[in-house]
Amino acid sequence: MVNGEWSGLQAFEMMAIAGVGNNLITYVFNEMHFPLSKSANTVTNFVGTVFLLSLFGGFLSDSYLGSFWTMLIFGFVELSGFILLSIQAHVAELRPPKCSMGSPTGGCEEAKGYKAWMFYGALYLVALGSGCLKPNIISHGADQFPKHDLKQSKKLSTFFNSAYFAFCTGELLALTLLVWVQTHSGMDVGFGVSAAAMAVGLICLISGSLIYRNRPPRGSIFTPIAQVFVAAISKRKQICPSNSEMLHRSEILDPQNPSGTISNNVTLIHTEKFRFLDKACIKIENDGNEMRESSWRLCSVSQVEQVKILVSVVPIFACTIIFNTILAQLQTFSVQQGTSMNTNLTPNFRIPPASLQSIPYMMLIFVVPLYETAFVPLARRITGNDSGITPLQRVGIGLFIATFSMVSAAIIEHKRRNSALKLNERLSIFWIAPQFLIFGLSEMFTVVGLIEFFYKQSIQGMQSFLTAMTYCSYSFGFYLSTLLVSLVNKVTSSSWGGGWLSENDLNKDRLDLFYWLLAALSLINFFNYLFWSRWYSCNPSVLPTPPRLQPPHELDKQNSTTTTTTALNYNSSNVMH
């Protein structure tokens, strides 16, 4: 029952936002009359903002509102943005006069003043709502399968695959049905359908509100993290003891009183990484007696180890940024690439260029269930891992495959350009299908692997925030795309001509060279990922403990047992070996 509501919310919200984002470049270019490079940057900045705001949504959820209320409030914010977009697209006075941007004479009036303000206001209401909603859909759904229940926790991987299946379904509906509506009935009707889909998604959310397992907010999630850094800096001149048993280990295990700890039901073993942070655990003695210190001066080993986990995942997060820069091209320049090709399927039917993005999702609708029902059980028997392969191995496979998406895009764009300039022919739009198919396969591995990785590394009270880091990777990828476009234009421009991407005509631009650049960056990024994934090892000592206060001597005994037991398997925890 719960999976049904979550799948409905995920699918309809994805359909709504994808219906705007995937064809937004067409609306901005043809209706708002922004130049091509500015149109591409408008789209990438919008998508980047959506995913950057996911951090804000994760913080609000974990700290103050809880997942359910965060989703409900910002779901209505997103809905209001869709409604405003449909109003602007419907009322001619709110847009510049109609004009053909492809006309040789040019002279189209760009949207400015209140028209531009209304457009950006509506667009970023959508960004705010969707950004704050996304991480909570995943984390709140995963919370229904408690980590401390081994039987339920084994279903986590299946849940993440199901969530991605719902994502693919929403994308597929947006890229076929919704793009067709936008093309044949107008963008105003298309944006209106997005608003309706969002409303249905909110109904799905509300319908299951009585049966959800709701994780309560725990106050500011950054306070205990800040305590570790403040304590470590204040004791920077202290020398860490060679014996880690001398470090402060006491924990507060009452879930109703998490003050001073990041997590209140886990015990972590001490690791040698980031030894500087261990200084936060050094106990100060005065005349042989331990001084009583505040939580800003003395932290526990588990608290410090949890901060180490947060710091350790940053390089893994960074390695997925280039991957999402490639995604940005498929939603911008590849769509525009399709408009320069032959889109006729029959004499009377044309394929909307934005609908090409539906090709990988058509494939994934069949591949994702096949992956779950055939590959995972087979791999599980070989590796002994509940997910078949580890999340980091899954991410690595996806990053490697993504490179070939840009290789394919560069080769086809070179062929398309030569056909247009030398033979005066237009290639069929299906020539660019391989770049979408290859990236779709890579996305199935990378996205699901990354979400599962971050959620499993998350600590109690920070599930939504760490899940949001997955979406934040999208943000930085799209912002990097904006930076790359501007930088490439600046570097490749000369006194007798513009840069690779400076024209509104792809036949004059050198999009193929830009794709080759991204292919090279993607391959370099893959080898960089191999290095950091080998360096990273997930902490195997996260063990559930009873939600009650325990006497210090019991804690010491438990910590000692945990250290002995988990140390045996520590070397095997490197997920990429």
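First residue shown is number 1, and so on along the chain.
Yeah, the Cβs are placed from backbone N, Cα and C, and that goes for glycine too.
Of the listed segments 12-30, 107-125, TrEMBL assigns transmembrane segment to 12-30.
Using a Cβ-Cβ cut-off under 8 Å and counting only residues 6 or more beyond its ends in the same chain, the transmembrane segment (307-327) has close neighbours at 225, 228-229, 262, 271, 273-274, 277, 392, 395, 398-399, 402, 405-406, 439, 442-443, 446, 450, 453-454, 457, 459, 466, 469, 472-474, 476-478, 480-481, 484, 518, 521-522, 525, 528-529, 532-533, 535-536, 539. Remark: the transmembrane segment (163-183) makes no contact with the transmembrane segment (42-60), by the rule of 3 or more CB pairs under 8 A.
Counting Cβ pairs under 8 Å to the transmembrane segment (42-60), the stretch among 12-30, 66-87, 391-412, 432-455, 513-532 with the most such contacts is 12-30. Here the transmembrane segment (391-412) has Cβ contacts under 8 Å with residues 316, 319-320, 323, 326, 329-330, 334, 427, 431-432, 434-436, 438-439, 441-450, 452-453, 456, 512-513, 515-516, 518-519, 522-523, 525-526, 529-530, 533, 536, 575-576 of the same chain, all six or more residues outside its ends.
Packing against the transmembrane segment (66-87) from elsewhere in the chain are residues 9, 13, 16-17, 20, 57, 60, 94, 118-119, 121-133, 136-137, 139-140, 143, 188-189, 191-192, 194-195, 198-199, 201-202, 205-206, 209, 212, 214-217, 464: each is 6 or more residues past its ends and has a CB under 8 Å from a CB in it.
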